[in-house]
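A.B. asks: According to Swiss-Prot:
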- 127-150: compositional bias 'Polar residues' (COMPBIAS)
- Asn318: N-linked glycosylation site (CARBOHYD)
- Asn438: N-linked glycosylation site (CARBOHYD)
- Asn586: N-linked glycosylation site (CARBOHYD)
- 1-42: region 'Disordered' (REGION)
- 66-87: region 'Disordered' (REGION)
- 106-150: region 'Disordered' (REGION)
- 957-995: repeat 'HEAT 1' (REPEAT)
- 1036-1074: repeat 'HEAT 2' (REPEAT)
- 1079-1117: repeat 'HEAT 3' (REPEAT)
- 1125-1162: repeat 'HEAT 4' (REPEAT)
- 593-613: transmembrane segment (TRANSMEM)
- 767-787: transmembrane segment (TRANSMEM)
Amino acid sequence: MALSPGANLVFHEDPKMTPSPPSCGAPGLGSGTIPQPHPDMAQVPMLNLLPSPGLALVPDLNDSLSPVSGEASGLVSENTPRPDDSRAIAPASLQITSSCSGEALDLDSKDVSRPDSQGRLCPASNPILSPSSTEAPRLSSGNHPQSNSEDAFKCLSSKIFKLGQRNSNPSRHELNPFIRHHSREGLVLGHCISRPSSKALLIPTSNSSLDLDSNPLLNMGSRNTSKLNLNVAPDSHGTLIPDTNETITLASHNISESVSKGAFSTTWSTSSKETMNVASSGHSRSDLSVTITQASYVTLIPGSSYGISLHSSTHEPNSTISPPSCMTLILGSNETLSLDSSLLFSDTSTLTLSSQQDDAKDNSIHTVPLEENLESWSEMASIKVGQFPLGFPISNPAGKDAVTLQGIPEGAFDEVTSCLVKVPEKTEGGNNMALVENVTTLQKSQDLLEAEGEKKTMIKKIMRQIQEEPLDSLSSSVRKQAMEILTQLSHTQPTLGMRERSELVNVCVHSVFSLPSVQAMQEKDEAKAETIQALYHQTLEALQTLLKALFIEDPTPAGLKSILEALGPWMNSGKAHERARAVNTNVSVLNHMLLTLPFFMPLGFPALGLLLGRLILHIGDPDEEIGCEALDGIIILYTILELQKRARDKEETNKKELYESNKHFLGPYNPVSPCQNILRVIEEFGDFLGPQQIKDLLLAALEGLKGSSEAPGKDSREMMQLASEVMLSSVLEWYRHRALEVIPEIMQGIYMQLSHIQEPRARQVALLPVSLLASSFMTEVVVALLMCPLPLNSNGAEMWRQLILCKPSCDVRDLLDLLLGSLKEKPVTKEGRASIVPLAAASGLCELLSVNSCMGRVRRIYPQLLLALLIQVHYHIGLNLPGCVAPPKDTKKGAQPSPFVPVRWVVKVVKTLLLRMGCSYETTFLEDQGGWELMEQVESHHRGVALLARAMVQYSCQELCRILYLLIPLLERGDEKHRITATAFFVELLQMEQVRRIPEEYSLGRMAEGLSHHDPIMKVLSIRGLVILARRSEKTAKVKALLPSMVKGLKNMDGMLVVEAVHNLKAVFKGRDQKLMDSAVYVEMLQILLPHFSDAREVVRSSCINLYGKVVQKLRAPRTQAMEEQLVSTLVPLLLTMQEGNSKVSQKCVKTLLRCSYFMAWELPKRAYSRKPWDNQQQTVAKICKCLVNTHRDSAFIFLSQSLEYAKNSRASLRKCSVMFIGSLVPCMESIMTEDRLNEVKAALDNLRHDPEASVCIYAAQVQDHILASCWQNSWLPHGNSWVCYSATTHRWSPSCENLPTSHQRRSWIMQALGSWKMSLKK
């Protein structure tokens, strides 16, 4: 059909028109000449419709027409035999038709005719016969040859097709009521308006109805058109009769036609823009059927407000047609639209678009019920060349009529612009006028965002309806119909995204494949056995057609993969009928791809290995039919690959011949020994298998080993396992070298699949690639295994053991060397990223240690493994690694799994290594001493390592010498953690006799260097090493010479390290020449220990106080000034610490204080050595303070500073006793107290009055009052001091004024201050 640009045809329908008597004839108006088509014509692509989101399925009407070759389907003449003698009526529609497909029209001739089957000529016009008549009267203004209606039908039966009718042949099963498949025979209702550049406005009535036996036809020519008036006679049953009384002339250039009001009550006129306007005011019929050809711009504006019926044809000759108005667009295969053409549809109840090529087997329909209220129309999607869309977004609220969209074959339209016309109706003077406004044209660059949303919404609704269908029966055709609709929607724009497409495929596949077997469904409902079988095959066919359409929609590797992934799980089902459906569908998709190969050739074949592997696996399926079909799919796949290869080489090949050749080459199927077919296929596909394909083949083979709750019998499982084993072994034997770059992916796939394989024999087959690949690519396999998730579960552990237990086993020596190399790596890279490689290597080593055959090789590198593991323990302290998850829950219900701590896992491997090497005593020793826990803490790791080394020395481990010589070079390597661990182990080995063989520079020299190390731990370890060396007589003097450096290195060190070092140094102080030791060393050691008296850790306080006393015992006369000053500065810390309430610490304090008093000859009050609390012994505290100030007056301010410092201690007991001590100490210092010191005390007490501990607050207030009273009594408080003013305004406790001395009561400023103080407290 060729349409010229600029033409416009508009239809207005009057909703107030009343029905007329039924007519049985179809008059025609037409000229015999068909003008030349427009020169700018092009072949157009297929037209598709885009639905609105409100569309729903329409029930089946169960009325159809049978296509008969050589005859018109729909209206049948007397000579047309019908099984039921029923007559079907064409729908009330507007039909736009063009010349017949495959026929050449003589556009220059005046008379157009066709030879019928009997040699007669048929006119181009199309008379219509109703079932009650054998002829239709025709009025024509042209010179067409006369022929009867039967001739006309025969002339056009095989050349013009019509969609919108239905098949009523009882021998043909019913398909989707929304998709009507027709033969190439068709019926054209009416003549042709064939003016290429004409525009017409037709306005049929809205509520009119024609009898079912009528089919009025309007035919308008484009050449010599004469005036003719038509009327409907009351008794003519719808026959149009010329009427010259009321005519309105329509003229456009050389066009002049008129129609009387009796026929349509319409007025025809043309404007300068060649737009014909026809106004309707009379009675008409709703069965109006008009056919238009070669009109380039068509606008339809009926005013219908009635409900819509999907199909207007029916079996019953006297039934009533429900739709008041509808439009049918009929196109032939060779018709075109010009680039500037457009179609405008407005307020049309039903829109049917139809087209077919000559060689098409089926017809396609687009039937769209349109909403009567155009204000709800939001937009229309334009046709996009190459994608074939024509969209009609239509609002369809709940309760409205439904819409069905069908595909139109390619070549129906070319670039056509769709427009939306909003037409509100307005009535004036009894005449109905249509006003066209708000016309929106959507071009190819139209925004498709809203259209995309509408399509997705429609698809989701259909998917939801599919999901609502029962999965245990097939009782309706809803699935089939829905998938057919989805097939048509796949041709519309925009295309679905990958996620939406995958979801759609999964839903449809699950809905069909989950159905029981056909036999089971038939047994459940025996009465409908045949219906169920037919419906099942139709449903499966609809699914396969949908998958093919989706494949065409997205012919990319990702698009095909989305289909194959949905089918994959079903191919491994334990149910034979589900596997058969999946294999059959796979083969169907492959066959479709083979037919459309040239279109997909540039993309190659995606997911080849996955699909090939699944099909190969099912060659060995217990069901022989499945195996045979799988082999047929492989043959098709091989043909596709060869065609692509030859296409790249630009070789022409016959598909059919190549397929038959491959079928003979790869077949036949051998049900007795399917493994022969498997080996043959794998061998021949070698040229097409790359690394990714090899990986997919292996993983597909593993899928066949999965267990199933409904798995087949034992023999069937064995057959599938055998097929998998043959497939795995043959692929790895022939193509192992190609899998090198995908070994990590293969190992990961095996690890994941093992979780689903439970049978022992199947697990052995699944682990086969591990040993086969490791025999050739050991390093790559080990690296891949190191990536397994941690902690290792049974699957990962079994993969590690597979390297050694199964043949061909790998070289254990090489394997251990690889693991040792991984253990020497840091778990944190230079970029700061955590790595699981060392921890994974430790886990792999732990699994290998369980294999007895490895022990000899392990012992060879035992020292290296032990030291590497100990260093890894240090590295993993406090480290959180990626991919580490908690192990599965315990068997006990409700038991919470312990969190996975990497350092504990490494410690476990150390234990395992020691036990396997026979060090059970050492392991037990560490358990008893808490060495493993020490090893896991960052501050005590070196102690745990040292404890292990000490145990190995104590129990004379045979490997100590090798470890000793290995450690010497390690002391200078690595980072701080590396050196600390190595040094901690090395220091304990200095007790061995073999150390004498080591040069002194590697023992004493290295330890001496460690004293100046910046890390305190290294200093402590060096002291430990020197103390051990000092046990040897030849090195004692050298070590004691280093004693001042050792003591000096303890300054500003953590208390625990100080305690550890001093405990080691005690051994040095013992000896014959201890009296000759310089006292300055002891004093310096005392200075180091004193600050740790107030350490928060009890063990540190207790140890330091105890060590302090022992050092004092080592002091000898004469007492030096440094000694006296140091011991005097110890008095207050010991007195205050004694009151903290800890009996153990208090006891150590008393003992140390006695030692100090003995050495210094102090005469302290006896109560000073008492551990009783000071709460009710204020006089005792005052007596102690008075003794201290009187005895050590020069150190009084030191005592005050120390007590103020303890007032800041974190322990409340120390803060309280320090406040009490200050309250007694300050009055004793009245003669030497300065204003600055007093202000310092005042500030400290003010802060303590807000202490969180209530007792501290109370004692702080009491002490403040006591100090104030003492100052007044002794008159040493300076005038104008802020102490009084501040206390008067803030003090919360009122001192007793009556107890003040009389001399002070006369001082006005003091009494004034006290008065204001009282007032403030009362407030």
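Cβ coordinates are placed from backbone N, Cα and C, and glycine is handled just like the others.
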A.B. asks: Average pLDDT across the repeat 'HEAT 1' (957-995)?
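C.D. replies: It averages 91.
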A.B. asks: Within 10 angstroms of the C-beta of Asn586 (N-linked glycosylation site), what count of other C-beta atoms is obtained when all protein chains are considered?
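C.D. replies: The answer is 27 other Cβ atoms.
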A.B. asks: How do the residues of the repeat 'HEAT 3' (1079-1117) split into helix, strand and coil according to DSSP?
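C.D. replies: When I sort the residues of the repeat 'HEAT 3' (1079-1117) into the three classes, I find 33 helix, 0 strand, 6 coil.
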A.B. asks: Using DSSP, tally how many residues of the repeat 'HEAT 2' (1036-1074) sit in helix, strand and coil.
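C.D. replies: Secondary-structure composition of the repeat 'HEAT 2' (1036-1074): 28 helix, 0 strand, 11 coil.
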A.B. asks: With DSSP assignments reduced to helix, strand and coil, which class does Asn586 (N-linked glycosylation site) get?
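C.D. replies: In three-state terms, Asn586 (N-linked glycosylation site) counts as helix.
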